[in-house]
Structures are given as structure tokens and as C-alpha cells.
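Enquirer: Before we start, here is the structure in question, set down as C-alpha cells.
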Amino acid sequence: MFTNRLFNILVPLISVFLGLLAGAIIMLAFGYNPINGYQALWNGAFGSGYFFGETIRQVTPYILTGLAVAFAFRSGLFNIGAEGQVIVGWVAAVWVGSSFEAPMIIHLPLAVLAAAFAGALWGFLPGLLKATKGVHEVIITIMLNYIALHVSNYMIRHVLSDGGDSSDPIANSASLASDWLMQITEYSRMHYGILIALFAAFIMWFILEKTTAGYEFRAVGFNPDASKYAGMNVKKNIITSMIISGAFAGLAGAMEGLGTFGYMPSHSAFTNLGFDGIAVALLGGNTGLGIVISAFLFGALKVGALNMPTTAGVPSELVEIVIALIIFFVASSYIIRWALLRLRKEEK
Amino acid sequence: MALLDILQSIIPIALFYSAPLIFTALGGVLSERSGVVNIGLEGLMVMGAFVGIVFNLTFADVLGAATPWVSILVAAIISALFSLLHAVASVSFRADQVVSGVAINFLAVGLGVFLTKQWYGKGQTDMVSQPFYSSNVPILSDIPVIGKMFFAGAYYTSYLAIGLAILIWFVLYKTAFGLRLRSVGEHPMAADTNGINVYKMRYIAVMLSGALGGLGGSVFALTIALNFSGSTIVGQGFMALAAVIFGKWHPIGALGAALFFGFAQSLSIISSNIPFLADVPSVYLIIAPYVLTILALAGFIGRAEAPKASGDPYIKGSR
């Protein structure tokens, strides 16, 4: 028999394979050469130091938004508001980063923490309403996404700059960017944030698997009623879980504000980091290590896709289709399990 | 009469902006009532907008003035077929319905923009030549006061949306089919015991939601956007989902919520013409609908209970 553990590893792998296979079939159907297409994708993600650096740059916020969505998932909540939490985190980080100068050892941590705090606040509100009023967290987080988007644009124009379309740049003392990392990656925008993201993944694993609080989060996620009868404070767990989830997403905003960009442009639409985080969390099975791996895969796909139109002539949206199909196959893991068991039986 | 003037300028815009939300939210109500969560409404709208625009561009010369109506019909059919993916995953493959809905959202955008680039060689389509136009409803628009408010400069699609809301309310609450659909979402095992085919009902509900989402998307595209790109539908589907929950999974409730969103949106658009709103910084008016929704939910709407079996795949024979 297959063990559950083996299934949990096999299902995402098969899903990724099927997704890429479907992508190849689509390329064939539209008269492209799938080998050229995927070669362009691979080169665009890993082909040079620059591309590799850009892939890591993209992976960094993906890890954090993936963690945000996953953490809420594990306690039975659907945080569709990572998007808004990223935006407020970005604003807070850039605000702290650009409004004064201080020694880096104080300034940088302060800016990063400000982002986490802003994200946490943006997660606290839906958590509070869910816990006290029973209001569905999905609808509140959707609304908060829009509020974050519009308020951030207003703030960029009126508070973070003098009527400009982007905020003032942050001070060097608050920057995550590194000359050394840029040089070894042929001047990509890779920055030290990846260390923060990896550390956050470790924190998530540690909280959920090694602490009593984490056990309670998971218990509430499995069965809120049973947890309540066992004496756990379900309301407190819901609120805390959303706060932690929001803080992760806020950190993703700091990665963009302090690392990749060094400022905040006004956004006419969402960044999609939060929505992509949903995909990252799902493929990663909502575990710390799984999310790092799936963020790496999605980051590589997204960055590599940019190389497809120029070298292979394939529209980069092919990758969006592949990602969607991967998620679809992960969702349908029941049928994959069924097929695996069936194959196993026939071998006997 | 200042207030009446203001109402006369707000109401047509509110109706205009709510129509796509009403269609889509009604789809959400049907799907969730049958026990299938549909986060994919956004994607269904994208598909509807894409098909509506492409069909319109392709057949405008042949069909003439009937083009937009045929376009939304075709968009509804294609989106219903597209939603079959969600139905197969969440009903037959026992997929996590939220996950499968998310996949629908990604897939629709990816497919829509991929095919747009494939067929038009650029990221967005041309503007359609045969969109919906606003018109005055004959006779009704001549009624004093009310006529100008509700029937002048309006789009027929808005009336279609409201009519469908009433029709769906009737079907859900006054017919055997509706009772079956709701029972499948509340207690599928009991429904199954009574000889109702749970899988069939859920398939029908999800495909109807696909059709309605497609209508919503194509109406949005042919009244507001007038072309298709990756940023045509950004979040309207999620707003419709919010309307479903705001309206407590009831067709008339969803209609009311969607009208409210449309009304709030129209405020920010025409605020410069209204004396006491003209001095308010626009950001407050833009976020007003979202803030009001949160306040309303936190304050007087209170607990929103989803249909009981919503989100659970039904597995025959399990207890």
C-alpha cells in the first residue's frame, strides 16, 4: 500500500507533471514547438546569473504570501486578503523607510517590523469580526483589499510624495538591496529578503508543529466545536491566526518596498502577489517546507515565462494556464490517488 | 427638487454598474445553494467577457444590431461549459471546492489573454463596434419623476438582471426543482434518500452559475469595458461573491446587495456634480462601498450562515 506521506509527495509532483504536459499539448495545438518553449522558460528562469537572481527575487514575496494563506488555512480560515495585507505592509515599510534616516541596525528592522505590524492589523480586523460577530472572513478580506488599494494610492500621492505617481525612495539605511548579491547575479534585483522569507517559513513550521499554540490552531482548523469542548479559546485562536497570517503577508510587502523596488509605485490594479500566494499555499500543502518549494516553482515559472515570447514566440500567458492546471490537478488529488491505487492493483 | 435631480442622475448609473454584479451574484447563489462553493465567479466573468467581446468583434458585420444580445447568449453558453470543469472537479473528483474555484480564476485569465494574443497579436482586443446602448424605455420613460429615474437613459440588460433575480427567487422557493436544489445544499444525504440525484442537481447548479457568470462578464464587457484584456475583469467577480454573502445566499438579497454596490460606485463617479459631496476627497467616496459593507456586516446584518453542506463534496454511502 501507498502510505499517506508518499501520497502527499506524489500528488503535487504528478500535478506539476500533468500541468506541464498539458502546457506542451497546448503549445503543439497552436503550432509552437514545446521543447523550444520550455527551453526558453528554463533559460529565462535559470539560464544566467541575472535570470536566477530575478527568480529568487520573485520567490521571496511568494514564500511569504504563501505562508500567510497557508497559516490561515491551517486554522480553518481562508485569507483571500493577503493581497491587501501586502499593500499595507508595502506602504508601512516605505513610509518608515523614507521618512527619516537612522543607523541601519535600527532603521531596517523597524521598517520590516512596521510592514509586519501593518499586515497584522489588516488581518486582525477580519479575525475579530469572524470571532465576535461570525462575519465571513472572505467577504471582509475582499473589502479590505479594495480599501488597501485605494487608500495606498491616496497616501502615495499625498503623504509619501508631493503629488507624484510613486513614493519617495527609501533611505539606504532601510534597504534590503545588496551590492554583493547584485554583482554575483549580473545586476538582478535579488536582495537579502530571501533570508527573511526562509526564516519565516521556519517560524511557521515551528509554531504549527512544535508549540502548544500551533496545536490549538490546527485543532481549531480541524473542528472548532471539538476544540471548544476541549477547553480551547476558539475566538482567540481565530484572531491570533489572522494576525500572524496578516503579518506574513505584510512582510511580503516589505520585500517589495525595501528590497525589489526601494519605493512604492501607485497601483491601478492589484499586485497579484496575494492571489498567487493562494496557489503557492495549495501546491505546498500548507506546510513550511512545501511552500518554499512551491514558491520556488511558481517564481521560476513566472520569471521564466517572460523569456518565452522573445525566444520562442509563445505568449507568456501559457504559464498562467499551466499554473491553473497544476492547481486544478492538486485539487482533484482524489482522482490521482484513485488512479495510483488502480495502477498498483493491476501490477499485482 | 435638488434631491430628485440627484436621484435622477444617480439611479441610472447605479443600475448600469450593478447589472453585471446582479447576474454573477445570482449564479453564486444557485451554486452555493446546491452546496458547491464558487470562488471561481471571477473566472467565469472573465470567460464571459472574453467570449462576449470576441463573438461581438467576429460577427458584428453579420448580425448587425442583434450582435450584443447574441454575444451575451453565446458567452453564457461557453461559460456554462467552462464551469463544467469546476463541476467535475468539485462534484465528481471530490476536489476542495475553494481550490478548484481558484484554479478556474487563474485558468480563465490565462486562457483569455493567451487566445487574445494568439488571435489579435496583442494584449487586448479592438473596441467592439456593436456594444449595448442606453435608451429610453417607450411609454414608461414618460411617467413623471419615476420615468426619468428608472426608465430613461437605461440599459435593457439592467432590467433583464432584475427580472432574472425575481425568476430565480421564484424557481428556488416556489418550485419542486428549487426545493430539491436547496435540499441538496443543506443535507445531501437526506436528499439522496428521498431519491434526488445529488450529483445531477449540483452539476446543473454549477453550470447555471457558469451561464450567469458568463452573462455578467459579457454584459460588463459590452456596456462598460467595450474591449477585452487581462485587466477587464479585476475583482468584479469577488464583489459578486461578496454580494452573495451580503445577501445571505438569497436571490433577492443578492440583488439588493449588488444594487447597493452599484449605487455606492455611482456616488463616487458623479460626486463632483453633487454640492455637498464635491468637496470630499475622492478617496473617501471610492472606498465608501467597501467600508459600508464591512460596517453593515459588523453591525446589523449579523451572522451569515452558509447553506449547511456548502463546501462538502457528497460521497455516496458515507455517514
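Just so you know, glycine gets a Cβ as well, placed from its N, Cα and C.
The transmembrane segment feature in TrEMBL is assigned to B:6-29, B:36-57, B:69-91, B:98-120, B:154-173, B:203-222, B:282-301.
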Enquirer: For the transmembrane segment (B:154-173), I need the partner stretch with the highest count of C-beta pairs below 8 angstroms, choosing only from B:36-57, B:203-222, B:282-301.
Expert: B:203-222
Enquirer: Tell me whether the transmembrane segment (B:6-29) sits in contact with the transmembrane segment (B:203-222), defined here as at least 3 Cβ pairs under 8 Å among residues 6 or more apart in sequence.
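Expert: They are in contact.
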Enquirer: Sort out the residues at least 6 away from either end of the transmembrane segment (B:69-91), same chain, that have Cβ-Cβ distances under 8 Å to it, and list them.
Expert: 36-38, 40, 43-44, 47-49, 51-53, 55-56, 59, 63, 97, 100-101, 103-104, 107-108, 130, 157, 199, 202-203, 206-215, 217-219, 222, 313-314
Enquirer: For the transmembrane segment (B:36-57), what are the same-chain contacts with Cβ under 8 Å, counting residues 6+ beyond its ends?
Expert: 20, 24, 27-28, 67-68, 70-72, 74-76, 78-79, 82-83, 86-87, 90-91, 97-98, 100-109, 111-112, 115-116, 119, 125-126, 128-131, 185, 202, 205-206, 209-210, 213-222, 225, 227-228, 232-233, 235-238, 240-241, 310-311
